[in-house]
Amino acid sequence: MKDRYILAVESSCDETSVAILKNDKELLANIIASQVESHKRFGGVVPEVASRHHVEVVTTCFEDALQEAGIVASDLDAVAVTYGPGLVGALLVGMAAAKAFAWANKLPLIPVNHMAGHLMAARDVKELQYPLLALLVSGGHTELVYVSEPGDYKIVGETRDDAVGEAYDKVGRVMGLTYPAGREIDQLAHKGQDTYHFPRAMIKEDHLEFSFSGLKSAFINLHHNAEQKGEALVLEDLCASFQAAVLDILLAKTQKALLKHPVKTLVVAGGVAANQGLRERLATDISPDIDVVIPPLRLCGDNAGMIALAAAIEFEKENFASLKLNAKPSLAFESL
(Lines of atoms letter the chains of each structure in order from A and count residues from 1; the text may use other names and numbers.)
(Lines give C-alpha, C1' and ligand atoms only; values in the text may rest on other atoms or scores of the structure.)
Protein backbone atom coordinates (compact mmCIF):
# COMPACT_ATOMS: atom_id res chain seq x y z
CA MET A 1 0.00 0.00 0.00
CA LYS A 2 1.27 3.47 -0.90
CA ASP A 3 2.51 5.63 1.94
CA ARG A 4 0.45 8.75 2.62
CA TYR A 5 2.12 12.11 3.19
CA ILE A 6 0.51 15.31 4.46
CA LEU A 7 2.34 18.64 4.47
CA ALA A 8 1.03 21.06 7.13
CA VAL A 9 1.51 24.80 7.63
CA GLU A 10 1.11 26.77 10.88
CA SER A 11 1.41 30.57 11.14
CA SER A 12 -1.35 31.67 13.53
CA CYS A 13 0.87 33.76 15.81
CA ASP A 14 4.65 34.14 15.99
CA GLU A 15 5.92 30.75 14.83
CA THR A 16 6.28 29.88 11.16
CA SER A 17 6.18 26.11 10.86
CA VAL A 18 5.94 23.46 8.15
CA ALA A 19 5.70 19.75 8.93
CA ILE A 20 5.35 16.50 7.03
CA LEU A 21 3.39 13.54 8.39
CA LYS A 22 3.71 10.00 7.07
CA ASN A 23 0.84 7.51 7.32
CA ASP A 24 -1.17 9.64 9.76
CA LYS A 25 1.18 9.39 12.76
CA GLU A 26 4.89 9.56 11.91
CA LEU A 27 6.32 13.08 11.85
CA LEU A 28 9.17 13.11 9.34
CA ALA A 29 9.83 16.84 9.69
CA ASN A 30 8.59 19.69 11.88
CA ILE A 31 10.43 22.87 10.94
CA ILE A 32 9.79 25.80 13.31
CA ALA A 33 11.07 29.33 12.72
CA SER A 34 10.51 31.16 16.01
CA GLN A 35 10.17 34.93 16.33
CA VAL A 36 10.52 35.12 20.13
CA GLU A 37 13.70 37.20 20.01
CA SER A 38 12.01 39.75 17.72
CA HIS A 39 9.10 40.27 20.12
CA LYS A 40 10.98 40.24 23.45
CA ARG A 41 11.71 43.97 23.41
CA PHE A 42 8.00 44.69 22.97
CA GLY A 43 6.96 42.42 25.85
CA GLY A 44 4.52 40.57 23.61
CA VAL A 45 3.68 39.68 20.02
CA VAL A 46 3.32 42.62 17.62
CA PRO A 47 0.98 41.45 14.80
CA GLU A 48 2.60 43.49 12.02
CA VAL A 49 6.08 42.31 12.99
CA ALA A 50 4.84 38.71 13.13
CA SER A 51 3.33 38.90 9.65
CA ARG A 52 6.51 40.33 8.13
CA HIS A 53 8.63 37.58 9.67
CA HIS A 54 6.27 34.91 8.32
CA VAL A 55 6.68 36.32 4.81
CA GLU A 56 10.47 36.25 5.16
CA VAL A 57 10.84 32.60 6.21
CA VAL A 58 7.82 30.62 5.01
CA THR A 59 9.35 29.53 1.68
CA THR A 60 12.51 28.33 3.39
CA CYS A 61 10.40 26.35 5.87
CA PHE A 62 8.71 24.51 2.98
CA GLU A 63 12.07 23.67 1.43
CA ASP A 64 13.62 22.55 4.72
CA ALA A 65 10.64 20.33 5.61
CA LEU A 66 10.72 18.49 2.28
CA GLN A 67 14.48 18.05 2.50
CA GLU A 68 14.38 16.77 6.09
CA ALA A 69 11.55 14.36 5.25
CA GLY A 70 13.46 13.09 2.22
CA ILE A 71 10.53 13.47 -0.16
CA VAL A 72 9.48 15.73 -3.03
CA ALA A 73 6.23 17.56 -3.71
CA SER A 74 4.96 14.82 -6.02
CA ASP A 75 5.01 12.36 -3.09
CA LEU A 76 2.46 14.40 -1.13
CA ASP A 77 -1.23 13.55 -0.84
CA ALA A 78 -2.57 16.74 0.75
CA VAL A 79 -1.70 20.14 2.18
CA ALA A 80 -3.11 21.22 5.55
CA VAL A 81 -3.18 24.73 6.97
CA THR A 82 -4.27 26.54 10.12
CA TYR A 83 -7.10 28.92 9.19
CA GLY A 84 -7.97 30.12 12.70
CA PRO A 85 -8.07 31.18 15.41
CA GLY A 86 -5.11 33.55 15.48
CA LEU A 87 -3.75 36.86 14.21
CA VAL A 88 -5.41 37.57 10.89
CA GLY A 89 -2.29 38.86 9.13
CA ALA A 90 -0.20 35.96 10.35
CA LEU A 91 -2.85 33.43 9.32
CA LEU A 92 -3.10 34.92 5.84
CA VAL A 93 0.62 34.48 5.16
CA GLY A 94 0.55 30.76 5.95
CA MET A 95 -2.73 30.28 4.10
CA ALA A 96 -1.47 32.04 0.98
CA ALA A 97 1.63 29.85 0.94
CA ALA A 98 -0.33 26.65 1.57
CA LYS A 99 -2.96 27.42 -1.07
CA ALA A 100 -0.35 28.35 -3.66
CA PHE A 101 1.56 25.13 -2.96
CA ALA A 102 -1.62 23.03 -3.11
CA TRP A 103 -2.69 24.66 -6.39
CA ALA A 104 0.73 24.30 -8.01
CA ASN A 105 0.92 20.61 -7.09
CA LYS A 106 -2.78 19.79 -7.63
CA LEU A 107 -3.24 18.69 -4.01
CA PRO A 108 -6.37 18.87 -1.82
CA LEU A 109 -6.40 21.51 0.92
CA ILE A 110 -7.32 20.56 4.49
CA PRO A 111 -8.50 23.36 6.83
CA VAL A 112 -7.43 22.87 10.46
CA ASN A 113 -8.54 24.65 13.62
CA HIS A 114 -5.42 25.73 15.54
CA MET A 115 -6.84 24.52 18.87
CA ALA A 116 -7.78 21.15 17.35
CA GLY A 117 -4.12 20.96 16.40
CA HIS A 118 -3.04 21.46 20.01
CA LEU A 119 -5.47 18.76 21.12
CA MET A 120 -4.46 16.28 18.44
CA ALA A 121 -0.76 16.74 19.23
CA ALA A 122 -1.52 14.09 21.85
CA ARG A 123 -1.78 11.57 18.99
CA ASP A 124 2.02 11.69 18.88
CA VAL A 125 2.01 9.93 22.27
CA LYS A 126 -0.61 7.25 21.58
CA GLU A 127 -3.83 6.62 19.71
CA LEU A 128 -6.54 8.39 21.68
CA GLN A 129 -9.57 6.64 23.14
CA TYR A 130 -12.94 8.35 22.72
CA PRO A 131 -14.89 9.98 24.18
CA LEU A 132 -12.30 12.15 25.90
CA LEU A 133 -11.98 15.46 27.69
CA ALA A 134 -9.29 18.02 26.87
CA LEU A 135 -7.89 20.91 28.88
CA LEU A 136 -6.40 23.34 26.37
CA VAL A 137 -4.17 25.98 27.94
CA SER A 138 -2.21 28.52 25.93
CA GLY A 139 -1.43 32.20 25.59
CA GLY A 140 -4.74 32.88 23.87
CA HIS A 141 -7.06 30.15 25.13
CA THR A 142 -8.16 28.30 28.25
CA GLU A 143 -10.82 25.74 27.35
CA LEU A 144 -12.31 22.45 28.45
CA VAL A 145 -13.37 20.51 25.37
CA TYR A 146 -15.44 17.32 25.15
CA VAL A 147 -14.51 15.16 22.16
CA SER A 148 -17.09 12.45 21.47
CA GLU A 149 -15.24 11.11 18.44
CA PRO A 150 -12.33 12.20 16.24
CA GLY A 151 -13.05 15.66 14.85
CA ASP A 152 -16.21 16.24 16.95
CA TYR A 153 -15.41 19.00 19.45
CA LYS A 154 -17.63 20.77 21.99
CA ILE A 155 -16.44 23.47 24.38
CA VAL A 156 -17.88 22.75 27.84
CA GLY A 157 -15.92 25.42 29.73
CA GLU A 158 -13.70 28.39 28.93
CA THR A 159 -12.21 31.54 30.41
CA ARG A 160 -14.39 34.60 30.86
CA ASP A 161 -11.44 36.95 30.52
CA ASP A 162 -7.68 36.31 30.35
CA ALA A 163 -6.22 33.07 29.06
CA VAL A 164 -3.89 31.41 31.53
CA GLY A 165 -0.80 31.93 29.36
CA GLU A 166 -1.70 35.60 28.99
CA ALA A 167 -1.88 35.93 32.78
CA TYR A 168 1.61 34.41 33.11
CA ASP A 169 3.05 36.88 30.61
CA LYS A 170 1.36 39.89 32.22
CA VAL A 171 2.57 39.15 35.75
CA GLY A 172 5.97 38.27 34.32
CA ARG A 173 6.15 41.74 32.80
CA VAL A 174 5.32 43.30 36.19
CA MET A 175 8.21 41.36 37.75
CA GLY A 176 10.57 42.40 34.97
CA LEU A 177 10.92 38.89 33.56
CA THR A 178 11.68 38.26 29.90
CA TYR A 179 8.81 37.53 27.49
CA PRO A 180 7.47 34.87 27.29
CA ALA A 181 7.53 34.51 31.07
CA GLY A 182 5.80 31.16 31.66
CA ARG A 183 8.88 28.98 31.79
CA GLU A 184 10.82 31.32 34.08
CA ILE A 185 7.88 31.70 36.48
CA ASP A 186 7.57 27.91 36.61
CA GLN A 187 11.28 27.53 37.39
CA LEU A 188 11.21 30.24 40.08
CA ALA A 189 8.03 28.75 41.57
CA HIS A 190 9.83 25.47 42.19
CA LYS A 191 12.36 27.34 44.33
CA GLY A 192 9.78 29.21 46.42
CA GLN A 193 6.86 28.70 48.81
CA ASP A 194 3.17 29.56 48.52
CA THR A 195 3.32 32.38 51.08
CA TYR A 196 1.30 35.18 49.44
CA HIS A 197 -2.48 34.90 49.31
CA PHE A 198 -4.05 35.21 45.87
CA PRO A 199 -7.73 34.62 44.95
CA ARG A 200 -8.95 31.45 43.25
CA ALA A 201 -11.87 32.83 41.23
CA MET A 202 -15.03 30.71 41.02
CA ILE A 203 -13.14 27.66 42.27
CA LYS A 204 -16.09 26.41 44.33
CA GLU A 205 -18.79 27.19 41.80
CA ASP A 206 -20.33 24.29 39.92
CA HIS A 207 -19.89 25.67 36.39
CA LEU A 208 -16.82 25.03 34.26
CA GLU A 209 -15.80 28.60 33.44
CA PHE A 210 -12.44 30.09 34.37
CA SER A 211 -11.37 33.60 35.35
CA PHE A 212 -7.83 34.86 35.79
CA SER A 213 -8.32 38.65 35.68
CA GLY A 214 -8.90 38.91 39.44
CA LEU A 215 -5.77 36.89 40.17
CA LYS A 216 -3.77 39.04 37.77
CA SER A 217 -5.09 42.25 39.36
CA ALA A 218 -4.38 40.99 42.88
CA PHE A 219 -0.82 40.16 41.87
CA ILE A 220 -0.26 43.57 40.26
CA ASN A 221 -1.74 45.38 43.29
CA LEU A 222 0.44 43.44 45.73
CA HIS A 223 3.54 44.19 43.69
CA HIS A 224 2.64 47.88 43.29
CA ASN A 225 1.81 48.37 46.98
CA ALA A 226 5.08 46.74 48.03
CA GLU A 227 7.00 49.06 45.71
CA GLN A 228 5.18 52.11 47.09
CA LYS A 229 6.02 51.12 50.66
CA GLY A 230 9.55 50.09 49.85
CA GLU A 231 8.87 46.52 50.99
CA ALA A 232 10.89 43.66 49.56
CA LEU A 233 9.07 40.75 47.94
CA VAL A 234 10.63 37.32 47.58
CA LEU A 235 10.50 36.67 43.83
CA GLU A 236 10.52 32.87 44.19
CA ASP A 237 7.68 32.95 46.73
CA LEU A 238 5.75 35.39 44.57
CA CYS A 239 5.99 33.03 41.59
CA ALA A 240 5.16 29.98 43.73
CA SER A 241 2.06 31.71 45.14
CA PHE A 242 0.85 32.87 41.73
CA GLN A 243 1.39 29.45 40.15
CA ALA A 244 -0.31 27.67 43.05
CA ALA A 245 -3.42 29.81 42.52
CA VAL A 246 -3.41 29.15 38.76
CA LEU A 247 -3.01 25.41 39.18
CA ASP A 248 -5.69 25.22 41.89
CA ILE A 249 -8.15 26.82 39.46
CA LEU A 250 -7.18 24.62 36.51
CA LEU A 251 -7.29 21.39 38.51
CA ALA A 252 -10.56 22.21 40.29
CA LYS A 253 -12.38 22.95 37.04
CA THR A 254 -10.88 19.94 35.27
CA GLN A 255 -11.98 17.62 38.08
CA LYS A 256 -15.49 19.09 37.95
CA ALA A 257 -15.54 18.54 34.19
CA LEU A 258 -14.51 14.91 34.63
CA LEU A 259 -17.46 14.40 36.99
CA LYS A 260 -19.91 16.05 34.58
CA HIS A 261 -18.49 14.26 31.53
CA PRO A 262 -17.25 10.81 32.60
CA VAL A 263 -14.44 9.71 30.30
CA LYS A 264 -11.39 7.50 30.54
CA THR A 265 -8.95 9.89 28.80
CA LEU A 266 -7.88 13.45 29.62
CA VAL A 267 -5.72 15.33 27.12
CA VAL A 268 -3.84 18.39 28.39
CA ALA A 269 -2.33 20.45 25.59
CA GLY A 270 -1.23 23.91 24.50
CA GLY A 271 1.82 25.98 25.36
CA VAL A 272 1.08 25.96 29.10
CA ALA A 273 1.01 22.14 29.04
CA ALA A 274 4.82 22.43 29.06
CA ASN A 275 4.58 23.81 32.62
CA GLN A 276 6.29 21.37 34.98
CA GLY A 277 4.14 22.42 37.93
CA LEU A 278 0.98 21.62 35.97
CA ARG A 279 2.34 18.22 34.96
CA GLU A 280 3.17 17.44 38.60
CA ARG A 281 -0.31 18.43 39.80
CA LEU A 282 -1.98 16.36 37.09
CA ALA A 283 0.03 13.34 38.25
CA THR A 284 -1.04 13.78 41.89
CA ASP A 285 -4.55 15.24 41.63
CA ILE A 286 -6.20 13.35 38.76
CA SER A 287 -7.60 9.90 39.50
CA PRO A 288 -5.34 7.03 38.41
CA ASP A 289 -8.38 5.65 36.57
CA ILE A 290 -8.02 8.52 34.09
CA ASP A 291 -5.41 8.20 31.35
CA VAL A 292 -3.76 11.64 31.24
CA VAL A 293 -2.13 12.26 27.86
CA ILE A 294 0.18 15.27 27.42
CA PRO A 295 2.06 15.96 24.17
CA PRO A 296 5.86 15.97 24.35
CA LEU A 297 7.44 19.36 25.05
CA ARG A 298 8.41 19.80 21.38
CA LEU A 299 4.71 19.71 20.41
CA CYS A 300 3.28 21.89 23.20
CA GLY A 301 4.03 25.25 21.60
CA ASP A 302 2.75 26.28 18.18
CA ASN A 303 4.03 23.96 15.46
CA ALA A 304 2.87 22.43 12.18
CA GLY A 305 3.37 18.89 13.45
CA MET A 306 0.23 19.18 15.55
CA ILE A 307 -1.65 20.61 12.55
CA ALA A 308 -0.60 17.58 10.50
CA LEU A 309 -1.78 15.19 13.24
CA ALA A 310 -5.18 16.92 13.29
CA ALA A 311 -5.30 17.02 9.49
CA ALA A 312 -4.97 13.24 9.30
CA ILE A 313 -8.38 12.99 11.00
CA GLU A 314 -9.91 15.44 8.54
CA PHE A 315 -8.33 13.63 5.58
CA GLU A 316 -10.16 10.43 6.55
CA LYS A 317 -13.42 12.41 6.57
CA GLU A 318 -12.53 13.98 3.20
CA ASN A 319 -12.97 17.38 4.83
CA PHE A 320 -11.31 19.42 2.10
CA ALA A 321 -11.62 23.14 1.40
CA SER A 322 -11.60 25.13 -1.81
CA LEU A 323 -8.85 27.61 -2.59
CA LYS A 324 -11.33 30.33 -1.58
CA LEU A 325 -10.79 29.36 2.07
CA ASN A 326 -10.33 32.49 4.17
CA ALA A 327 -8.75 33.15 7.55
CA LYS A 328 -11.06 33.10 10.59
CA PRO A 329 -9.18 34.82 13.43
CA SER A 330 -12.00 34.16 15.94
CA LEU A 331 -12.72 30.60 14.83
CA ALA A 332 -14.38 28.45 17.51
CA PHE A 333 -14.67 24.68 17.74
CA GLU A 334 -18.41 24.74 17.08
CA SER A 335 -17.88 26.25 13.63
CA LEU A 336 -15.27 23.70 12.56
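Every residue, even glycine, has its Cβ placed from backbone N, Cα and C.
Bear in mind that the values here come from a model prediction, so they are computed numbers and not experimental data.
The feature Fe cation binding site is assigned by Swiss-Prot to HIS114, HIS118, ASP302. Reduced to three states, the DSSP call for HIS114 (Fe cation binding site) is helix.
What Swiss-Prot lists as substrate binding site is LEU136, VAL137, SER138, GLY139, GLY140, ASP169, GLY182, ASP186, ASN275, and the listing cites sequence analysis. The DSSP secondary structure for GLY182 (substrate binding site) is helix. Long-range neighbours of GLY182 (substrate binding site) (same chain, six or more residues apart, CB within less than 8 Å of its CB): GLY165, TYR168, ASP169, GLY172, GLY271, VAL272, ALA274, ASN275.
In the structure shown, across all protein chains, ASN275 is the one of the binding-site residues SER138, ASN275 with the greatest number of other Cβ atoms within 10 Å. In three-state terms derived from DSSP, GLY140 (substrate binding site) belongs to neither a helical nor a strand segment and is classed as coil. Cβ-based neighbour count (10 Å, all protein chains) for LEU136 (substrate binding site) stands at 26. Within the set of binding-site residues HIS114, HIS118, ASP302, the entry lying nearest in space to LEU136 (substrate binding site) is HIS118 (CA atoms). Sequence-ordered, the extra residues of this chain that approach the Fe cation site, with Cβ no more than 8 Å from the Cβ center of HIS114, HIS118, ASP302, are GLU10, SER12, CYS13, THR82, GLY86, MET115, GLY117, SER138, GLY270, ASN303, MET306, ILE307.
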